[in-house]
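Contents: one structure, followed by commentary.
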2 protein chains.
Amino acid sequence: MPTETTSTRAPSGARSLEHPDRADIRLADVLHALADPMRLRIVRVLAAAEDELNCADIELPVSKSTCTHHFRVLREHGVIHQLYRGTAKMNGLRRDDLEELFPGLVDSVLRAADLQAGRLGEE
Amino acid sequence: MPTETTSTRAPSGARSLEHPDRADIRLADVLHALADPMRLRIVRVLAAAEDELNCADIELPVSKSTCTHHFRVLREHGVIHQLYRGTAKMNGLRRDDLEELFPGLVDSVLRAADLQAGRLGEE
DNA sequence: ACCGTAGTACGACGCTTATCGTATGAGCCT
DNA sequence: AGGCTCATACGATAAGCGTCGTACTACGGT
């Protein structure tokens, strides 16, 4: 595809991101997504925030590409949803879907993370 | 070591296994341990059993060495405890420790696994 | 029309992991 | 004592993952 740029696969206005249907979210995948310290950190920040957050709003000690990678893992495993708004990409927890599928799971993980952070003297 | 057989490193009577102290158990490690389908299966069986279980009591579609591997991961990450009884090795969930560290976490994971199994028509 | 900013794509690298097979060790039973 | 069974140790192998840097795309503002 030499000269054409927009017809490659672009749908319409906003770029679209692939999200798994609720029914396709697997427990092992969710646990795996949460098992990484960096991603757990992202999820904690997202859970604490009222609104959806920009990727860059979450400070992480990793490069931008690595950051993209972690957000994608979270999205593809059904933990967060993402959508483009202008040049930014907004992120939010899929609380409703997860609560419906695995009642109480996310809350207990977040609570466990809080408790452990307190125990270890972090925040 | 040609002729010597027993002095290689054998301690005393019962072989001893390394377990992490409760304070050293990390949430990310526990989640990681539970994120594998095979190990989640082991944990579910262990949770359903009243008594401690022999390794071989849990049927897994993997080789024996792989089985040993998964049990060790669960033990080293603080999810189960193991002890030798005669020729067998008994396994049990570290329910108390985990409940103290991460209240409700194990229960919600087990419940989530049950729900998902029901949804997928397995058991 | 241009540039800057936000994020992606892609390839690379090193480490971890899930799996296996075979050989070995530890304890029970006859 | 000898054999049986449960489980380990030790490679080996192949796949996956976290990380990075650089090059690229997509929007929005001036």
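Cβ from N, Cα, C; glycine included.
TrEMBL: automatically predicted annotations, no manual curation.
Listed features, source TrEMBL:
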{"type": "REGION", "residues": "A:1-20", "note": "region 'Disordered'"}
{"type": "COMPBIAS", "residues": "A:1-10", "note": "compositional bias 'Polar residues'"}
{"type": "DOMAIN", "residues": "A:19-113", "note": "domain 'HTH arsR-type'"}
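For the domain 'HTH arsR-type' (A:19-113), the predicted model reports an average pLDDT of 95. Secondary structure of the domain 'HTH arsR-type' (A:19-113) per DSSP (helix as H, G, I; strand as E, B; remaining residues coil): 55 helix, 14 strand, 26 coil.
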